[in-house]
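The feature active site, proton donor is assigned by TrEMBL to H154. According to TrEMBL, the feature active site, proton acceptor maps to E285. Taken from TrEMBL, the feature beta-D-galactose binding site covers N56, R57, H154, A155, Y156, D220.
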Amino acid sequence: MGDFSVKLTNYGATVISVILPDKNGKLDDIVLGFDSVDDYKNDTTYFGAIVGRVANRIGRAQFTLDGTDYKLVPNDGRNMLHGGPKGFSEVIWGVGSHDDNHVTFTYNSFDGEEGFPGDVAVSVTYMLVETNKLAVKMRAMPLNKRTPVNLALHAYWNLGGHSSGDILSHTIQLLASEITPVDEELIPTGEIVAVKDTPYDFHKPREIGSMFTQLPDGYDINYVLDNVNPGHLKKVAVVQEGVSGRKLELWTNQPGVQFYTSNMLDNVKGKGGFVYAQYAGLCLETQGFPDAVNHPRFPSQIVNPGDIYENIMIYRFTAH
């Protein structure tokens, strides 16, 4: 896998590009993004960023913990999305250890930031492993108060190349038997339902667009990952694009993954002036379940001071 390379910036600890050969050796950038860091600062798409302190949505931008009501800063109607208007994707991270194969970014989240309790020491390490793997390790340690933590990498992938059009003809296999359905504001209802015999079932690989007509507007839903080998990383997905022959495989330690087909992308001018229309990329955000702070049945995201939260992602890229 010669010429596999990844480019990053410490603004939002963001993945700017992933360069990968196709089956004929032709190189393409397979993540959506911008040419300049300034463009990321005015961005509402979260292209390639680490999102937090709590990724995904928190209903009514509020939760109660240990008898205290926390009012957060809403930025998605009356709800909070991806940590609020100035979440981790909108701050400058420190640059820690780094060499040709890895870099660690660090951020100190302060007590009361966007309404969340306590100081939290946060880091993300990106590491190239072997010739074709990218490992991402997101870590957070609360220092003085119990707090929810749910970090996610919000990369938009297009295996045909970032400027190749939509991702509807990509095939995807999602190793998840259930989803957490949502209401009209995309807040989970609290149910966990089986995907079998619905348009959400990707246990067998099929084209992403093959059942689009049965959906209100593409995919934007949390999948409950199958835990077939407890104590080991879960296989999340296999994504393939026919023309380039590129394949992405993903593993994680998290209970869920948000599968998002960039339904809200609306002609955003990106790298090289290319305009990203709706469905130009797909996101696979490994995570805890959305709005878990308000749903006791969902796996808890509350982390105690001194304990370490960790979200691990391993990507493997091939082309043939």
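Quick reminder: no glycine exception, Cβ is built from N, Cα and C everywhere.
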_Given the recorded positions N56, R57, D220, E285, find the one whose Cα is closest in space to the Cα of H154 (active site, proton donor)._
E285
*How big is the Cα-to-Cα gap, in Å, between A155 (beta-D-galactose binding site) and the residue listed as 'active site, proton acceptor'?*
8
*Around H154 (active site, proton donor), how many other CB atoms lie within 10 A of its CB?*
21
*Which residue among the recorded positions D220, E285 has the fewest other Cβ atoms within 10 Å of its Cβ, if you could check?*
D220
*Would you measure the largest Cα separation among N56, R57, H154, A155, Y156, D220 for the beta-D-galactose site and round it to whole Å?*
18
*What Cα-Cα separation, expressed in whole Å, is found between D220 (beta-D-galactose binding site) and the residue listed as 'active site, proton acceptor'?*
11
*Can you check which residues sit near Y156 (beta-D-galactose binding site), meaning Cβ under 8 Å from its Cβ, same chain, 6 or more apart in sequence, and list them in order?*
V31, L32, G33, T45, F47, G48, S262, A280, G281, L282, C283
_Can you tell me the CA-to-CA distance separating N56 (beta-D-galactose binding site) and the residue listed as 'active site, proton acceptor', as a whole number of Å?_
9
*Whole-number Å only: compute the distance from the Cα of R57 (beta-D-galactose binding site) to the Cα of E285 (active site, proton acceptor).*
13
*Tally every other Cβ atom lying within 10 Å of the Cβ atom of N56 (beta-D-galactose binding site).*
24
